[in-house]
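Asker: Okay, so TrEMBL annotates it like this:
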type: DOMAIN; residues: 41-290; note: domain 'G-protein coupled receptors family 1 profile'
type: TRANSMEM; residues: 26-47; note: transmembrane segment
type: TRANSMEM; residues: 59-78; note: transmembrane segment
type: TRANSMEM; residues: 98-120; note: transmembrane segment
type: TRANSMEM; residues: 140-158; note: transmembrane segment
type: TRANSMEM; residues: 197-216; note: transmembrane segment
type: TRANSMEM; residues: 237-260; note: transmembrane segment
type: TRANSMEM; residues: 272-292; note: transmembrane segment
Amino acid sequence: MASGNKTQISEFLLLGLSEEPALQPLIFGLFLFMYLITVIGNLLIILAVHSDPHLHTPMYFFLSNLSFVDICFTSSIIPKMLWNIQTQSKAITYEGCIIQVYFYLLFAALDDFLLTVMAYDRFVAICSPLRYTVIMNPRLCALLVLVSWILSALFPLLHSLMVLRLSFCSDLEIHHFFCEITWLIRLACSDPFLNNMVVYFGSVILGGVPLAGILYSYSKIVASICGISSAQGQYKAFSTCASHLSVVSLFYCSALGVYLSFTATYSSHTSAIVSVMYTVVTPMLNPFIYSLRNKDIKRALKRFFGMEMFVRVPFALGLKNCP
């Protein structure tokens, strides 16, 4: 097979979820709605946590970081997709594709690590409640987030550099709605063996290790909950983990299924649909999952917006009384 020179590539083509022109307005409207809900919902979580001193705890500190990462995660993918639909274009530049690969993998990895850190936080809170404030001190919390950022930045950099070594031929169509790393590897004319190994290695490190940590934490949590004598105490302990466990299930059930089987022959359309679950749907649902049954978050939001109205009314009355 003749190989092409990767320096001559100017752009790739993102075929999206469907090539039917009649479906494009529906897809545009649906993804725009989900993106706006994701941004607004996660911004409200961040606003609630930072505005209420009662929420300045490790659990909500990690939750606000997760909300910020979810906004960045979807923002690295959805705006370009919406722009292509609006302009009726499928093109993304070679450089833009590499940049998208990096940031998409960066924030996906951060999601992995933050979910693991949050599982550890729940493990300490339930299994060692008397030592919780000592163990989960502000310095450790900040260190856990910092280490997550550093590790998450290194692995996508390796992936991006490995993609740069690939050469591509005439087929530059990506059957996806963003520059997905495994699709770039499939389009390569040069030998992708090293890239495949990096993908599998990254899947184990960024997916398998955090998942193992989450499962270990919850095995200890379940054992600790079973040791609680009262049913009310068991329910209260489990309710503090239910939201996090729901998000973990949504994220990993879709993400691992795509990446650990990317070399198998399956429908590219199905792969793209499954990817929507962890790239768009999960970040959108996170604010609802963490806030609908969380009285602290709802109370903080009501207090914040109530405070705004309280300040606004006296200010307006003061203007009216001015001579």
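Positions of Cβ are set from backbone N, Cα and C atoms, glycine also.
Please treat TrEMBL annotations as automatic predictions, because they have not gone through curation.
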Asker: Could you check whether the transmembrane segment (272-292) and the transmembrane segment (140-158) come into contact, where contact means at least 3 Cβ pairs under 8 Å with the two residues of each pair 6 or more apart in sequence?
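Answerer: The answer is no, given that the two segments have fewer than 3 Cβ pairs within the 8 Å cut-off.
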Asker: Give me the mean pLDDT over the domain 'G-protein coupled receptors family 1 profile' (41-290), rounded to a whole number.
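Answerer: In the predicted model, the domain 'G-protein coupled receptors family 1 profile' (41-290) has a mean pLDDT of 87.
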